[in-house]
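Okay, structure first, notes after.
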Amino acid sequence: MHGFYAFYLAGRRILVTQSVSKESSSISKNEPSVSKWKDQEENLKHEETIAESGRIFVRNLSFTVTEEELTELLSKYGPLAELIMPVDRLSRKAKGFALVTFVIPENASTAYTELDGSVFHGRMLHLLPGKAKQSIEELLEQEGLTYQQKQKLKQKSQAASSHNWNTLFLGQNAVADLIAENYNTTKEQVLDSSGKASIAVRLALGETQIVSQMREFLEESGVRLDAFNQAPKQRSKTTILIKNLPAKTSASEIRELFAKHGELGRVVLPTAGVTAIVEFLEPSEARNAFTKLAYSRFKHLPLYLEWAPSETFAAPYSKEKPLKKEVSKLNEQSAAGDKATETEVNGEATDDDEDPEPDTTLFIKNLNFETREDSVKEHFKKCGPIHYVTVALKKDPKKPGELLSMGYGFIQFKKKASADKALKTLQQSVLEGFSVELKRSNRTLQTFGEIKAVRLPKKMVGTGPHRGFAFVDYLTKHDAKRAFKALCQSTHLYGRRLVLEWATSEEDVDEIRKRTAQHFLDEPPSIKNLRKSTIDPEDTGEGLD
């Protein structure tokens, strides 16, 4: 019988065979076992050593071993770039093997020398050189690839990078679709540029409203939003953030798409249906789904995937439905801390910080030109608590420094029932000799309060383009805080995300640059007035028309 013997030396398999002459050989050339060993011998000639690839194939693992336990064992020898331990779909147990790649190949050699033949969880480990992954350059050199296939390969190779996409990002196309649906109009009317109002501002404020609704839904679903508001210290191995979904995508569609690759835990998808969070129960299945689905086409859009922060959820996954009180505990604590900070910064606490209910703003037409806010409040206070009143004013061309009423204004109540009562009881009522007309207003989508001043510094003393930042002074602190809270999350204007900070009363450009540098060094700036990228007071028209 023809004999074979194999052993390892310096990370490479040495194959020893018995030398026999052709004349005395009694082995048929077609014998399957001989052919198999010859094929393996030929492959080994071209195989990289562990010291070159840093990649090890681990066999004979116990079926009870978890990925965390194997990671702990191997990471003693150096940082790991990747660890793949497949899990059986039916039994939900490990298949008994794993593939590990070390960041530093020398660490892989050390691990191989010390662990091969050692006992782990009651079984003797068998380590083999792993086949090195093809680099993106090698993949792109394959013949017959089209330009689109090459671009897809490049995108997939970059999908698992550590860049941090904005969690609440919404595509402008999805924003336009959702605005049209929410206001029972068409997408063409939303994007109509024939009116005075800016389309960019309209989309920005529509995005702000949608993001606000998404935040509320995510918090109620046990998502820790503060984990997304900073660079994550560690990425999750089981939770994936899905972006760029078509508007009104359903949770069942997402579950069906990702369940093909493994067993799922939680699937969180706000009603807007443009951003989702999917949790897998096994890391290996999550990685497989990420690799297969990143930049793949879903309906008519490519999927943008990102590994979510490790502390995405406030509580571990449980098949039992968690109580809302428990899952939002950390969010409530964070909100309480923010309120305490605001009180400390402003040096006072306000009792009027409760946000009004939706659909509580009324448009008041045919006001006496002498009527001001106090008179309007006195006239409407019997209907219920008032959030704010504003009368539209303009500069008096004949008397510099004085303002003239434009004959209309807005009033917002705290409760929707109060606004309904005002519409029923005070329609055509007489205020200071004029019969006022009332109608519902969606002004809350267009403004956050009365603006006292807007400054947009130019590059050269009043000429040339602006410098990319602006100052906005609100009449009340409450309005400034309300605008800051709504716009600082994920509002884009002309394709750029607005970055909001609180500014001191008087600042020059050098002070702004210095304070921005401190901000990125985690030194909190002083907070007094609102600073935002830009809002044009002329773009605060009534409604979407």
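Cβ coordinates are placed from backbone N, Cα and C, and glycine is handled just like the others.
Feature annotation from TrEMBL assigns compositional bias 'Acidic residues' to 349-358 (among others).
Sequence annotations record features per position, and here TrEMBL assigns compositional bias 'Acidic residues' to 536-545 (among others).
The domain 'RRM' annotation in TrEMBL covers 54-132 (among others).
Under the heading domain 'RRM', TrEMBL lists 238-310 (among others).
Sequence annotations record features per position, and here TrEMBL assigns domain 'RRM' to 360-443 (among others).
According to TrEMBL, the feature domain 'RRM' maps to 437-505 (among others). Note on the domain 'RRM' (437-505): DSSP counts are 14 helix, 27 strand, 28 coil.
According to TrEMBL, the feature region 'Disordered' maps to 325-360 (among others).
According to TrEMBL, the feature region 'Disordered' maps to 523-545 (among others).
Between the domain 'RRM' (238-310) and the domain 'RRM' (360-443), fewer than three CB pairs separated by 6 or more residues in sequence fall under 8 Å, so the two stretches do not touch. For the domain 'RRM' (54-132), the DSSP counts in helix, strand and coil order read 22 helix, 25 strand, 32 coil.
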